Ligand code: FCB
């Protein structure tokens with residue numbers, strides 16, 4: 001009896017093969033791994049400020065040092081090569097490239113990404129560059145941040161400057177990572193930088209982020225980008241009682257705030273009516289100028305999907321689902337009966353297949369890529385090993401779900417695990433570990449976890465046993 005047969009009998013899972021050319025990789029983000037916060041002309045971002053604000057981040061952790069990737073990138077790329085990654089998704093730090101946000105380019109900031117891109121290509125790894133993964137220059141926040149329309153135009157300027165330097169070698173570009181988090185966690189609930197708590201500001205931020213996406217997408221295209229994309233954190237939102245019209249309405253509203261508010265303008269050129277009503281209600285409708293929606297709908301070649309967990313909601317009089325979902329009074333998020341990760345996030349891969357199939361049905365014609373998926377667990381280092389079988393099970397389940405969506409007709413082109421390395425998990429600081437590779441922050445030693453070895457085998461055989 002082969003090992004595969006045993007596994008199959010144990011788990012009930014059949015072997016799966018991904019389509020030829022399926023892109024495999026991993027993702028990171030600048031502030032979460034680079035460190036070198038004051039090197040070569042980098043100025044503070046909103047996350048440097050937020051991390052220094054007492055009570056905002058777990059134990060006051062900051063990204064000052066992080067994984068020292070800025071200095072150790074060669075070793076990290078060597079590690080990626082050993083794992084067989086074909087694609088590496090990373091973000092550039094705006095405050096390195098344009099330290100005063102809107103002014104002159106700092107060539108030393110771009111030099112780092114130039115070196116990184118060369119190193120990746122020399123090792124046969126495709127770079128995928130995200131322009132904005134949350135590290136807005138603090139000087140721009142001082143001028144209103146994403147509530148200021150100018151910020152959208154400055155993002156386009158960042159796109160122009162970055163592609164001018166890297167565009168001869170980088171084919172795939174992403175404008176934004178998860179504008180829902182930037183707007184509703186940054187300006188709504190305030191659990192992310194800049195830590196504001198104002199629903200009007202949150203909706204203004206939504207629009208200026210999406211306008212920035214459209215403008216940056218055009219700038220990237222003009223700069224010769226072969227593939228332009230947008231990455232959203234999308235959620236499969238389920239009504240507790242599927243047949244109950246009140247629960248259905250609750251799910252529809254949360255689906256609006258999490259998904260349609262971003263998908264519809266980007267892919268259909270229009271905000272949904274129910275979301276426009278919320279812009280109105282919170283006094284933010286004035287920021288949407290004639291012609292903006294057409295700008296936001298700049299064609300994209302790839303939609304990046306970050307998926308971690310589904311949401312379960314119900315209608316409940318008097319419930320308040322929190323500042324991250326303004327306008328959702330009467331909606332309650334229900335605890336799901338599923339195992340949870342160290343983030344307390346329920347593990348349910350069916351949410352990923354349902355989401356991908358829904359995207360294929362409702363927004364046809366846009367190739368999809370899972371640009372983040374993964375899990376934090378309480379990893380234990382024993383000698384030279386981290387036996388993280390829960391993470392392997394998480395990844396295995398979600399890859400099977402992704403494969404099921406492909407079988408069902410979703411045009412899924414690739415999968416990127418979050419994350420290559422343990423890193424700075426925003427408000428949770430270094431307290432949550434999402435990496436395939438363990439990082440000892442005292443010594444900066446990298447130790448591939450069992451999940452890294454497992455993932456390398458998955459990539460090698462383009463499938464699961
Ligand atoms: C996503 C972020 C990413 C990481 C994961 C766990 O929302 O894009 O930076 O923090 O969650």
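Glycine is no exception: its Cβ is also placed from the backbone N, Cα and C atoms.
Annotated substrate binding site per TrEMBL: 32, 133, 177, 308, 418, 425, 426, in sequence order. Marked as active site, proton donor by TrEMBL: 178. The active site, nucleophile annotation in TrEMBL covers 372.
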Residue 426 (substrate binding site) and the residue listed as 'active site, proton donor', distance between Cα atoms, whole Å: 14
Sequence-distant neighbours of residue 32 (substrate binding site) in its chain (C-beta under 8 A, six or more apart): 63, 66, 67, 419, 423, 424, 425, 426
Largest inter-residue Cα distance among 32, 133, 177, 308, 418, 425, 426 [record-listed substrate binders, Å]: 18
Neighbourhood of residue 418 (substrate binding site) by C-beta distance under 8 A, where only residues 6 or more apart in the same chain count: 26, 27, 306, 372, 373, 374, 434
For residue 418 (substrate binding site): DSSP state (helix, strand, coil): strand
Neighbour tally for residue 177 (substrate binding site), based on other Cβ positions within 10 Å of its Cβ: 24
Chain-internal residues near residue 133 (substrate binding site), provided their CB is under 8 angstroms and they sit 6+ positions away: 29, 30, 31, 91, 177
Same-chain residues at least 6 apart in sequence whose Cβ lies under 8 Å from residue 308 (substrate binding site): 233, 343, 345, 372, 373, 374, 375
Other C-beta atoms that fall within 10 angstroms of the C-beta of residue 425 (substrate binding site): 20
All-chain count of other Cβ atoms within 10 Å of residue 178 (active site, proton donor): 25
